[in-house]
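According to TrEMBL, the protein carries these features:
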COMPBIAS  49-59  compositional bias 'Acidic residues'
DOMAIN    101-273  domain 'Yip1'
REGION    36-60  region 'Disordered'
TRANSMEM  120-141  transmembrane segment
TRANSMEM  161-185  transmembrane segment
TRANSMEM  197-222  transmembrane segment
TRANSMEM  228-250  transmembrane segment
TRANSMEM  257-281  transmembrane segment
Amino acid sequence: IACLVMYLFAEFDDAANLLAANPDATTISIDEPVEIPKNQHSRLQEPGREEDDELLGTDDSDKTELLAGQKKSAPFWTFEYYQTFFDVDTYQVLDRIKGSVFPVPGKNFVRLYIRSNPDLYGPFWICATLVFTIAVSGNLSNFFIHLGKPTYHYVPEFRKVSIAATTIYAYAWLVPLALWGFLMWRNSKVMNIVSYSFLEIVCVYGYSLFIYIPTAMLWIIPQKVVRWVLVVFSLCLSGSVLVMTFWPAVRDDNRRIAVATVATILLLHALLAVGCLAYFFDAPELDIPAPIIPVHNSTNKVVLEQ
């Protein structure tokens, strides 16, 4: 205890000597309140600032994203470059799936789930699962519709897998590519336009298609009213994710251009859902005529031999 007391007195003496040598030095007490910087005061005082930061991201998030991009910089011909696109765990994928199925009003999907680490793992497997779900469910629906008809012979249509794969993967890649190019072009015209990266847009579109997987399973029900109700419900959920993600990015643009952009996004999304339902499930039924079996009348011929 005596040694500890002597050590404390020595520390106080050193501090006193330093203060005497430099009397103009600034001292800080731990009891003094920390002053809030002026930029934080201004940010708190602006009424709509918090909402904009939540929807579009703040400077801190942009810096974090920039640093993350620097960490992931690798030559595109290496395996490490593509490995970063699949660097997610199961909990992140499930969280993003929940966010696409249960969208929160006024919340940006990119800001909440994607911007920290966009991935291609979830979109790739969601599209692959949706392809096989639509193809298998379409064949089962056709089987149940014609079940019991004596003239019907079930033949699996494997071409539906290739058609579904071409349609879904083309939509999940070409539409985001066109949207990314459009946002980049409008960003050069209007300074307030937020241009998402191509990977973020692909990620949003990929996760927005998850709701159609259980919907395609329920399309097996041979009731057109039930199918169309499921289409409208799924379209409202997935479309709301797209609107809440891309509307904050284009709302500062020309009003007509902004509305036309969001309307085009919804129209293409609706065409995908309605087209899949109409082609794979509600295709016109062809009446297969019963095979005609020729009946030959046997006659007894008497051959007289002379």
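Note that Cβ sites are derived from N, Cα and C of the backbone, with glycine treated the same way.
Heads up, TrEMBL stuff is auto-annotated, nobody curated it.
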Counting Cβ pairs closer than 8 Å, which of 120-141, 197-222, 257-281 has the most of them with the transmembrane segment (228-250)?
257-281
Using a Cβ-Cβ cut-off of under 8 Å, list the residues of the same chain that are 6+ residues beyond the ends of the transmembrane segment (120-141) and lie near it.
85-86, 88, 93, 96-97, 156-157, 160-161, 164-165, 168-169, 172, 199, 202-203, 205-207, 209-210, 212-213, 216-217, 219-220, 222, 276, 280-281
